[in-house]
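Shown next, in structure tokens, is the structure this report addresses.
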Amino acid sequence: MEHKGLRFTKMHGLGNDFVVIDAINQHFDPTPENVRRLADRHRGIGCDQLLLVEPAEGGEADFRYRIFNADGGEVGQCGNGARCFARFVVDHGLASGPEIRVETISGPMRLRLEPDGPVCVDMGVPRFEPAEIPFDAPARTKSYALEVGGEQYEIGAVSMGNPHAVLRVDDVDEAPVARLGPLIEAHPRFPQRVNVGFMQIVSPRHVRLRVFERGAGETQACGSGACAAVAIGRDRGWLEEAVAVDLTGGGLMIRWEGEGKSLRMTGPATTVYEGRVA
Ligand SMILES: N[C@H](CCC[C@H](N)C(=O)O)C(=O)O
């Protein structure tokens, strides 16, 4: 395999798993083919996303944070990955923490290692304008009617630095994730495709969520998806400022004061093993 000897760390955030590579002290060329090869669960290491740690390109940031889906595509946000990124750079002596500033292709982020292990991420301001998502709609509304496979579905749409569509369901365990996820992910009204969340509202402070991720399929957790679900739920008046989000792989705490304010996510980051490509 190309990149013989490449060092990597296998990590996960609530079962959303990552290959993390220090691209400051070693060379890795993130072509779609190279990413797909490492992400392959049978012939490679296996992951939902591959995360690169690169030098910051100037300005306030300490690092550049790059995210690639298992399908090889580079994207602008990964919330679970951001928590693992913070844990990685401190554990590998690249930063002292607790506060770490990163730049991504969709903008700056601030990460903070809490003393007892969790990581708090400032995920930025949710963007609801269709053009910012991007989503093909004449104007921003609280919800949109989406025609999928001959049926109409009511969705919310928002960007957390990556595009999200969220549907409200009565019971996530019964949600048609496998059927609707791929159809909405590739829906023509989302020109860059979209992550698809299925949200069950348990109370104004507690939701259950499953996410069919763009470029990766259903994952055990999606950090930006949890943020998107809370942003949309709060915009609809269903949720309060602090919401516990239960995903298949575990729980995140999301806080959002509302329109125009940054949204914050707190949760775990776990290192599984260190490895080298043979
Ligand atoms: N599939 C996402 C990237 C990873 C997001 C997710 N793993 C998270 O924790 O936010 C996208 O294509 O925008």
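Note that Cβ sites are derived from N, Cα and C of the backbone, with glycine treated the same way.
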Per TrEMBL, Asn16, Gln49, Asn69, Gly79, Asn80, Asn162, Glu213, Arg214, Gly223, Ser224 bind substrate; matching candidate in Asn34, Asn195: Asn195
Inter-residue C-alpha distance, Asn195 (substrate binding site) and Tyr273 (site 'Important for dimerization') (nearest angstrom): 28
Those binding-site residues listed as Asn16, Asn80, and which of them has the most Cβ atoms within 10 Å of its own Cβ: Asn80
Among Cys78, Cys222 [active-site residues], residue with fewest other Cβ within 10 Å: Cys78
